[in-house]
Amino acid sequence: MSSESRSASSPVAPDDIEEGVVLRPKFDAHGLVTVVATDARTGDVLMVAFMNGEALDRTIQTGEAWYYSRSRKRLWKKGETSGHIQKVLEMRVDCDQDAVWIKVDQTGGAACHTGRHSCFYRRIDRGGDGAPVLIETDSERKFDPDKVYGK
């Protein structure tokens, strides 16, 4: 079911959204919903991305994570280039169905295009002058992005 057909349906009572058993994702003005992917084993947040209706449907149907790239304006399967596929073990939707949480088995160990396990590899701290500084918390790369993506 596409995002257009989901959003074009008749109005739904808030109780149906918050307590019902029917998936009714609330896509934004661009037809996207925010997705948080976590490592099912460790609970680590791996990445935040977006799905359109087709990506959501493919993820549900295949059991592998599909996303919509806002920069490339196209659907993409996680790991289609790197081989680091996300096998979806569980999917959840938040209370008002405008965000999706997927628990995944991250094959190859890297979710980030930089080659790291997680896209959240820097912590925000305050420097001596109080200005924010980024502190690297994960320097280990599971792969060389230049070799994988040919940059």
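Quick reminder: no glycine exception, Cβ is built from N, Cα and C everywhere.
Going by Swiss-Prot, these are the annotated features:
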{"type": "BINDING", "residues": "Asp94, Asp96, Asp98", "note": "Mg(2+) binding site"}
{"type": "BINDING", "residues": "Cys95, Cys112, Cys119", "note": "Zn(2+) binding site"}
Notebook entry, point to check: Where does Asp98 (Mg(2+) binding site) sit in DSSP terms: helix, strand, or coil?
Noted result: coil
Check: What is the interatomic distance between the Cα atoms of Asp94 (Mg(2+) binding site) and Cys119 (Zn(2+) binding site), given in whole Å?
Finding: 22
Note to self: Can you give me the Cα-Cα distance between Asp98 (Mg(2+) binding site) and Cys112 (Zn(2+) binding site) in Å, rounded to a whole number?
What the structure shows: 23
Margin query: Below 8 Å Cβ to Cβ and six or more residues apart, same chain only. Which residues does that give for Cys112 (Zn(2+) binding site)?
Written below: Leu46, Met47, Ser118, Cys119, Tyr121
Margin query: Neighbours of the Mg(2+) site Asp94, Asp96, Asp98: Cβ within 8 Å of the Cβ centroid, same chain, sequence order.
Written below: Ile17, Lys26, Val93, Cys95, Gln97, Ala99
Check: How many other Cβ atoms are found within 10 Å of the Cβ atom of Asp96 (Mg(2+) binding site), counting all protein chains shown?
Finding: 12
Check: Over all shown protein chains, what is the count of other CB atoms within 10 A of the CB belonging to Cys119 (Zn(2+) binding site)?
Finding: 17
